[in-house]
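Asks: Starting off with a structure, shown below.
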Amino acid sequence: MKIASFNINGVKARLPRLLEWLEETQPDVACLQEIKSSDETFPAHEFEKVGYTPIWHGQKGFNGVAILSKGDEPATEVLRGLPGDDEDTHSRYLEADYKGVRVVCIYLPNGNPLPGPKFDYKLKWMERLRIRMAQLRAEEIPTVVIGDYNVIPEDKDVWSVKAMASDALMQPESRDAYFRLLGDGWTDALDLHHPRGGIWTFWDYQAGAWQRDHGFRIDHALLSPELADRLVASGVDKFARGREKASDHAPIWIELTD
DNA sequence: ATGACAACTCATAGTTGA
């Protein structure tokens, strides 16, 4: 089973690129972030035409997540919205079951600028995520929490530590919160298979970042022990970032034994 | 220190993102 994640940066603006990538790489499950679409305008039928059943949690203008699943046994929604704050109206969290695997699609807050309310929101969101992930661990369901974490875990995960030093993505508080998740027993799949670092999932549109390979790794797949035992490979579909009208993120994927 | 790109919106300027 192959599970992928793609911060699509606008599902409607990017639809041809997204359908093309689905047909080429054929993931069983594709988690999307930043669909930037309300529930009403989400192009569900376009995915059904190419063999995927979508569920989605939209929001007008920005944010928004979706889970596409292939075949005649589509994913069933378990939870929509991260628990722990009734005031939080952002669409950043969607959880579903697919063929015995719990798939959690997240779009973690960016947190810039800092200091300020956006950074505070990011850190609080990460605390809430840790609580939910601890519940999932306790249930011992084979689980993957996959998506745009907006955290550069280590210095090896960024093209220039100096250029990004003051960014919310690599503040000590952001990194500490990320490593607390790993400490709770979750496996960072891409780090496991690419331990020397130097693999990026995001390249800025600005300043020729793609052409200069100035990127960093902020999209992650964290696996519970039950699923880590089934992990055979993981990677980045870097080719997608080089295309016309590309998202600023490249897709990531994990391959599991059935 | 600043801006550079891009998508989106009660659009033609402002918000958000990373």
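Just so you know, glycine gets a Cβ as well, placed from its N, Cα and C.
As the structure is a computational prediction, the values presented were derived from the model and not from experiment.
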Asks: Given TrEMBL annotates A:ASN7, A:ASP148, A:ASN150, A:ASP248, A:HIS249 as Mg(2+)-binding, which of A:GLU34, A:GLU40, A:GLU173, A:GLU226 belongs to that site as well?
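Replies: So, going by the record in TrEMBL, that would be A:GLU34.
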Asks: Per 10 Å Cβ neighbour count, which of the recorded positions A:GLU34, A:ASP148, A:ASP219, A:ASP248 ranks highest?
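Replies: Comparing the recorded positions A:GLU34, A:ASP148, A:ASP219, A:ASP248, the most crowded Cβ belongs to A:ASP148.
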Asks: Considering only the recorded positions A:TYR107, A:ASP148, A:ASP219, which fall within 10 Å of A:GLU34 (Mg(2+) binding site) when distances are taken between Cα atoms?
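Replies: Qualifying among A:TYR107, A:ASP148, A:ASP219: A:TYR107, A:ASP148.
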Asks: If the Mg(2+) site is taken as the center of the Cβ atoms of A:ASN7, A:GLU34, A:ASP148, A:ASN150, A:ASP248, A:HIS249, which further residues of that chain fall within 8 Å of it by their Cβ?
Replies: A:ASN9, A:GLN33, A:TYR107, A:PHE202, A:ILE218, A:ASP219, A:SER247
